[in-house]
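Right, one structure below, let's go through it.
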């Protein structure tokens, strides 16, 4: 009898722990136990897709993307480069702007003012004395703006790489988008570089990035 009383007392002391353990779920609930407000059983709105930016719906994303495409079409079809000739590469740049290659058919019109340009073509050797002027002209260009480095001297110093007076690449002064190799590069190479810049402009998503910030 003493043994039975001891076991009954032990079970009485462990009853709260058994009740607490019974409330712990060790398996996933079945579909039949889901509440009526669950998206899986109700006709409410589904959760947003993982590919959609936060805070924007699919129709809004589509409209914003189309506006971005329209802006990119206008920008790549009306590139106005500013002539920044520094050495012999500038002669090839002038050759590219003449009637033989006819850059006007691509909407490319050379402008003498940085405030009317969106692309700067750095053609030639950039010296330490000219570097502040290059940066000042770049800062005067409106956004969005791009830079094309034309020739070996503008890309990395070229023939004068070890000179004390030459900047070893104009990308140390301004950010460069397109590099055109050659010493000097031909007019076809410059045209190819501008076509690559048009592809880069076409991939921009300015409005979508601004909207999702």
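From the backbone N, Cα and C atoms, a Cβ is placed for every residue, glycine too.
Residues 30-52 are the range that Swiss-Prot records as region 'Disordered', among 30-52, 53-75. Report note: the [4Fe-4S] cluster site is defined by 88, 89, 153, 183, and the residues of the same chain whose CB lies within 8 Å of the CB centroid of those residues, excluding them, are 87, 123, 124, 125, 150, 151, 152, 154, 158, 159, 182, 184, 185. For residue 153 ([4Fe-4S] cluster binding site), the count of additional Cβ atoms within 10 Å of its Cβ stands at 29 [all protein chains shown]. Other Cβ atoms within 10 Å of the Cβ of residue 88 ([4Fe-4S] cluster binding site) number 14 in total over all chains.
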